[in-house]
Amino acid sequence: MKLSMLSPLLLSVFLFSLLQSSTFAVRKSYIVYLGGHKHGLNPTSAELHRVKNSHYELLGSLVGSTETAKEKIFYSYTQNINGFAAILDEDEASQVSKHPNVVSVFLNKGRKLHTTRSWDFLRLERNGVIPSDSLWKKAKFGEDTIIGNLDTGVWPESKSFSDDGIGPIPSRWRGSCQRGVDDRFRCNRKLIGAKYFNRGYEAYLGEKLNATFKTVRDHEGHGSHTLSTAGGNFVNGASVFGYGNGTAKGGSPKARVAAYKVCWPPVNGNQCFDADIMAAFDAAISDGVDVLSVSLGGEAAEFFEDGIAIGAFHAVKKGISVVLSGGNSGPAPGTVSNLSPWMFTVGASTLDREFTSYVELGNKIRLKGASLAAATLKSKTSYPLIGADHAKAANASAVDAILCQPGSLDPIKVKGKILVCLRGINPRTDKGKQALLSGAVGMILANDEKSGNEVIADPHLLPATHLNYTDGVTVFAYINSTKNPTAYLTPVKTQLDAKPAPFMASFSSRGPNVIDPAILKPDITAPGVSIIAAFSESVGPTEDESDTRRIPFTSQSGTSMSCPHVSGIVGLLKSLHPEWSPAAIRSAIMTTARTRDNTVNPMLDSDGNKATPFSYGAGHVRPNRAMDPGLIYDLTINDYLNYLCARGYNQTTIQLFSNKPYVCPKSHNVADLNYPSITVPELNGTTIITRKVKNVGTPGTYKAHVRSPVGVMVTVHPSTLKFTKIGEEKKFEVRLRPSSKKVDAEGGVGYVFGVLRWCDGYHYVRSPLVVKRK
């Protein structure tokens with residue numbers, strides 16, 4: 001009865017709601033982008049407030065009042081990006097887009113998580129989903145592995161070092177948290193240790209350091225970046241000015257981390273001194289770290305004259321894996337550093353994410369560049385274009401001007417134009433600063449020939465983009481071909497699945513090993529270009545004093561960035577296989593590496609030619625394959641001592657080095673060190689190399705497959721190895737002799753390259769063959 005009486009009322013309410021739904025438009029969240037800011041690099045609070053009010057006034061003029069606008073706007077971008085985010089209906093969004101001050105209006109679209117893209121590219125996750133066969137899952141995300149980092153310290157407040165979801169500190173940890181003069185510095189269950197070492201730096205400086213040096217706090221950002229790449233926790237919503245937005249995490253996201261500050265403000269180009277580095281190694285070994293990540297180095301030196309090599313040896317002796325950067329002195333041959341065989345040395349290559357900004361020339365040619373500049377050109381129209389060599393100051397040389405060196409540019413010639421600078425000498429972002437100080441509205445950074453195809457996305461202070469060598473030549477040719485050259489720089493966009501990837505970074509230092517050519521270096525390559533990770537908030541992303549921007553994450557490039565990728569992967573393997581030695585872990589990573597890119601073609605060097613083992617070592621790291629390598633090339637401390645003996649070090653010295661009784665073997669060859677790669681720097685007649693492999697997988701029979709270097713005949717004896725149990729070891733010989741075939745050496749250093757693979761139908765145990773015929 002009641003239901004029948006209420007039905008007419010319910011019907012009328014329903015009809016009214018239908019009528020209302022057709023009257024009120026659907027509201028969605030939009031971003032209104034207004035370009036750059038009029039305020040300078042150091043905005044005052046009043047200027048920031050004025051920008052926010054201008055957003056209210058703009059939207060208020062279209063929606064009825066500033067009060068309504070305040071209700072609609074939920075983000076106001078006031079620091080670097082000029083714009084706001086608001087709840088609008090389609091008609092309101094359309095009206096806003098027609099405003100003369102608006103660059104664009106677009107939906108606040110949902111996206112998949114992509115930061116750091118490295119781990120997706122390395123297949124630890126797939127589009128933000130972690131598959132069941134991922135090393136992350138198998139190794140429990142590196143849970144309770146302890147990764148130490150020798151660098152510029154750490155920014156402890158970074159969310160990458162939050163201990164959310166982290167259990168108690170492992171009882172085996174013996175380290176401490178050294179606050180120094182910084183009362184705000186705190187460790188936790190994630191960042192479990194922090195120490196600083198500056199006496200070597202003080203001694204070199206020759207004067208007493210003040211109290212500000214008594215802290216582990218990172219005032220440069222390098223140490224926070226590298227440590228978070230190796231072992232940072234999961235952080236949602238990480239980006240650089242909104243680019244690359246996603247979840248940041250390290251290679252071992254659940255590992256514990258410890259910071260050892262050994263690097264300080266540069267003195268004569270040096271920041272980290274051996275006395276401090278060795279003291280840090282000493283402390284870290286005592287503290288109980290499992291992995292040491294060391295993104296620093298210098299000129300190659302004999303092992304006993306190299307503080308890093310000495311420190312690393314003592315760490316490896318205690319079962320600690322030491323991963324080091326190979327250096328940024330490429331692409332010239334013989335530039336790689338950190339060369340001892342107990343070190344795990346890493347080169348740098350690209351990944352498949354790009355931050356693109358196009359150059360649109362006045363002749364309609366469009367060239368793809370790389371950038372992370374927050375600012376964009378205020379107008380969509382083209383701007384006058386000038387080469388820096390045509391904008392030189394009266395007292396400057398054309399050479400200094402084209403490089404955009406400080407004081408070399410004439411503001412009268414530059415003002416209001418897009419300036420083209422050549423890469424080299426001064427930092428890339430400093431060129432942008434010089435362009436901005438001279439009145440440029442934007443900058444195009446063009447590679448020199450040496451830098452080739454390598455372009456790097458930097459957080460420039462003004463609209464800017466970085467072009468490869470070929471495209472840079474195109475820009476300069478256009479400038480010289482017309483009286484009034486013009487150009488436009490498009491806003492930055494994040495692009496995924498770039499091809500080809502990886503390819504070698506130009507800056508990555510190359511082999512051969514100048515201390516011992518029989519040991520291939522680098523050992524491996526990993527992502528090291530435009531890597532997003534945690535940063536210090538005491539310095540701007542360009543690390544220039546004039547840069548007042550502060551961001552929790554930034555993008556950096558270098559072998560300093562590739563090194564902690566491998567450190568994080570080593571941490572995972574330590575968790576999964578705690579019984580493996582540092583040499584076993586290195587072998588697993590090297591023998592499972594790949595040398596083809598995502599187009600299934602051979603990896604390229606930065607100049608577009610085929611890359612060689614002197615660029616990438618054994619290849620590009622593949623974490624999931626490394627957890628089950630099948631066979632490993634293991635090494636003990638005695639093996640390293642025998643190697644030193646073969647190198648000519650006397651028995652007494654080696655005994656002191658090892659701190660135990662030791663007798664040199666009657667005969668031992670440097671080339672017989674059980675290294676996962678095989679290098680013969682002087683092939684004259686037949687050379688026999690001995691190796692030994694250990695089975696760490698299922699029982700099986702392995703057959704040898706060889707792709708011989710050009711002009712070299714290679715045979716393996718025996719060519720079949722049968723394993724019946726885990727831990728079983730087998731020896732084999734590799735015989736190499738010159739053939740009569742004419743040799744065209746690869747890579748410009750007189751070497752030729754091949755591959756030895758042991759295969760059981762599932763595992764592929766791959767070793768590069770590197771040979772120089774005499």
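Cβ atoms are placed via backbone N, Cα and C, with glycine included.
Here TrEMBL flags ASP151, HIS222, SER560 as active site, charge relay system. Marked as domain 'Inhibitor I9' by TrEMBL: 29-114. Feature annotation from TrEMBL assigns domain 'Peptidase S8/S53' to 142-619. For 399-473, the entry in TrEMBL reads domain 'PA'. What TrEMBL lists as domain 'Subtilisin-like protease fibronectin type-III' is 672-771. Taken from TrEMBL, the feature signal peptide applies to 1-25.
On the backbone, the CA of ASP151 (active site, charge relay system) and the CA of HIS222 (active site, charge relay system) stand 7 Å apart. Here the C-alpha separation of HIS222 (active site, charge relay system) and SER560 (active site, charge relay system) works out to 8 Å. Cβ neighbours within 10 Å of ASP151 (active site, charge relay system), excluding its own Cβ and spanning all shown chains: 28.
Averaged across the domain 'Peptidase S8/S53' (142-619), pLDDT for the predicted model comes to 93.
Taking H, G and I as helix, E and B as strand and the rest as coil, DSSP gives the domain 'Subtilisin-like protease fibronectin type-III' (672-771) the counts 1 helix, 61 strand, 38 coil. Packing around SER560 (active site, charge relay system) is summarised by its Cβ count: 26 other Cβ atoms lie within 10 angstroms of its Cβ, all protein chains included. There are 24 other Cβ atoms within 10 Å of the Cβ belonging to HIS222 (active site, charge relay system).
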